[in-house]
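Colleague: Sharing the feature lines straight out of TrEMBL:
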- Arg30, Glu87, Lys127, Lys461: (6S)-5-formyl-5,6,7,8-tetrahydrofolate binding site (BINDING)
- Asn233, Thr252, Ile254, Thr257: K(+) binding site (BINDING)
- 233-238, 252-258, 277-280, 342-345: GTP binding site (BINDING)
- Ser237, Thr258: Mg(2+) binding site (BINDING)
- 223-384: domain 'TrmE-type G' (DOMAIN)
Amino acid sequence: MTTQSLSTSYQETIAAQATAPGRGGVGIIRVSGPEARNVALTILGKVPEVRKAEYLPFLDANKQALDQGIALYFQGPNSFTGEDVLELHGHGGPVILDMLLKEILALGKVRIARPGEFSEQAFLNDKLDLTQAEAIADLINSSSEQAARCALNSLQGDFSKLIHQMVENVIHLRMYVEAAIDFPEEEINFLADEKLVNDLKDIIEEVTQVRQQAQQGSLIREGMRVVIAGRPNAGKSSLLNALSGKESAIVTDIEGTTRDVLSEQIHIDGMPLHIIDTAGLRESSDRVEQIGIERAWQEISQADRVLLMVDSSHEHSLDPKMLWPEFFEKLPENIGLTIIRNKADISGAETGYTDINDHQIVTLSAKTGLGIQELKQHLKDIMGYQGNTEGGFIARRRHITALENAHQHLITGLEQLESYVAGEILAEELRLCQQELDQITGEFTSDDLLGRIFSSFCIGK
Ligand SMILES: Nc1nc2c(c(=O)[nH]1)N(C=O)[C@@H](CNc1ccc(C(=O)N[C@@H](CCC(=O)O)C(=O)O)cc1)CN2
Ligand SMILES: Nc1nc2c(ncn2[C@@H]2O[C@H](COP(=O)(O)OP(=O)(O)OP(=O)(O)O)[C@@H](O)[C@H]2O)c(=O)[nH]1
Ligand SMILES: [K+]
């Protein structure tokens, strides 16, 4: 871990195609860094007026026109990256754009950008913090309108603001506690002050709330993994089809139809879900089916939720331990389970949601669609999905982990304070808490982390 205050500006100039590869109406080559000016002088014969679109030929080394396009010039630090930026908006054909990029690289002072490097420059030049840079990638990759709106909220700084607020409060407490330690005669009085305990509890509450919001944000970004498991012919593939609204999986009355894992991404009122259909679980001597069953268990162990599907016209128990003891024993403890009682149309069971002895049960018919709506509602409920993006922001696993760690440091600090009036330990826990929060925005990071984040961006971003 290293603390970063990289105010040093980039020495290198980078270039890449900013628009997606392939044919398009317009294609953009972006150049960022100290050489952007010289590139403009060579390719355009002039440096365009700042932020004013100019229509002019793009020239090769022999002053021959390669394309006739629009150029935009931004003067650092007033640009996306904080460096001088030249944008060449040409005709969007792969050959033309390649020729243009080659011409720029041939000048010898510009190299091709790594994936995410423009955004990395922006981060290193303090144009964006880390959550905002991540939000750009999430905005581009978002698979629903909800996700896009939340990513934009993050990009505009909503998430960062919450983090900064918490950091500020932690710093305030640290100053108080450290002052107390510095005056040993007063220390006990200082630390025994009820206000300190209350302030600490307030911050814990704040972190808890932001963590919940972040969980929503991560759910919106990634989607919950819901695995449908059960015996052959329970109707698992039929349920996948009913939820996805298409005939993704083969449905037959032959047991063991599904042999491999099938996955569909769907949205319920904007909540993204990965629905995973698995091979029916049973003893089998068929090698292919056995592998399918192994894969089913792998999926189950990685699920956010398992839907255990049973045929309600055959199985009457509502208690999974009775219903299927072997399944229940093998199910990892931390994975939530909902029992789906299918084929209500023939069993006559009443459709809808019930919970009995802590077991959550949805009765439905995958064939007729009765009860599907209630299942969707149930899935929203268990994820605490609200469906509005007002103030929502996108979040990643790493943010949640940092918030969890920050929370843990506060809890430990509070315990130490309440049980032992241990000022030194509290001060240390507060310092570690701040460090965790600072990692979220990137005020405190490692090169390793930055590398991992930016390298997952697309090229030209
Ligand atoms: N043509 C083009 N469109 C684009 C981008 C781009 O780089 N080029 N963007 C790339 O992702 C996004 C927009 N992001 C941008 C962010 C900052 C600045 C910029 O010039 N910032 C200056 C001035 C700010 C101001 O006037 O408010 C600055 O920060 O000082 C430009 C684009 C989406 N559309
Ligand atoms: N009556 C009725 N039949 C259903 C219902 N759901 C599924 N079925 C039938 O049950 C049979 C098995 O359905 P599938 O969806 O293939 O079952 P599965 O659990 O995926 O089966 P495997 O792939 O063999 O594990 C088919 O004949 C379906 O038409 C339902 O709600 N009501
Ligand atoms: K089947």
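From the backbone N, Cα and C atoms, a Cβ is placed for every residue, glycine too.
Just so you know, TrEMBL annotations are computer predictions that nobody has curated.
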Colleague: Taking Cα-Cα distance, which of the binding-site residues Arg30, Glu87, Ser237, Ala279 are within 10 Å of Thr257 (K(+) binding site)?
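Modeller: Candidates kept after distance check: Ser237, Ala279.
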Colleague: Determine, from DSSP, whether Thr252 (K(+) binding site) sits in helix, strand or coil.
Modeller: coil
Colleague: Which binding-site residues from the set Arg30, Glu87, Lys127, Glu255, Lys461 come within 10 angstroms of Asn233 (K(+) binding site), judged by C-alpha positions?
Modeller: Glu255
Colleague: What is the interatomic distance between the Cα atoms of Lys343 (GTP binding site) and Lys127 ((6S)-5-formyl-5,6,7,8-tetrahydrofolate binding site), given in whole Å?
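Modeller: Here the two Cα atoms lie 57 Å apart.
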Colleague: With respect to ligand 3, which members of the binding-site residues Glu87, Asn233, Thr257, Ala279 satisfy a Cβ distance under 6 angstroms to one of its atoms?
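Modeller: So the answer is Asn233, Thr257.
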Colleague: Which of Ser237, Thr252, Thr258 has the fewest nearby Cβ atoms, counting only those within 10 Å, among these binding-site residues?
Modeller: Thr252
Colleague: Find the average pLDDT over the domain 'TrmE-type G' (223-384) in the predicted model and report it.
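Modeller: Taking every residue in the domain 'TrmE-type G' (223-384) and averaging pLDDT yields 90.
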Colleague: As a check: which entries in Glu87, Asn233, Ser237, Glu255, Thr258, the binding-site residues, place their Cβ less than 6 Å from an atom of ligand 2?
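Modeller: So the answer is Asn233, Ser237, Glu255, Thr258.
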Colleague: For Ile254 (K(+) binding site) and Lys127 ((6S)-5-formyl-5,6,7,8-tetrahydrofolate binding site), what Cα-Cα distance in Å is obtained after rounding to a whole number?
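Modeller: Rounded to the nearest whole number, the Cα-Cα distance is 59 Å.
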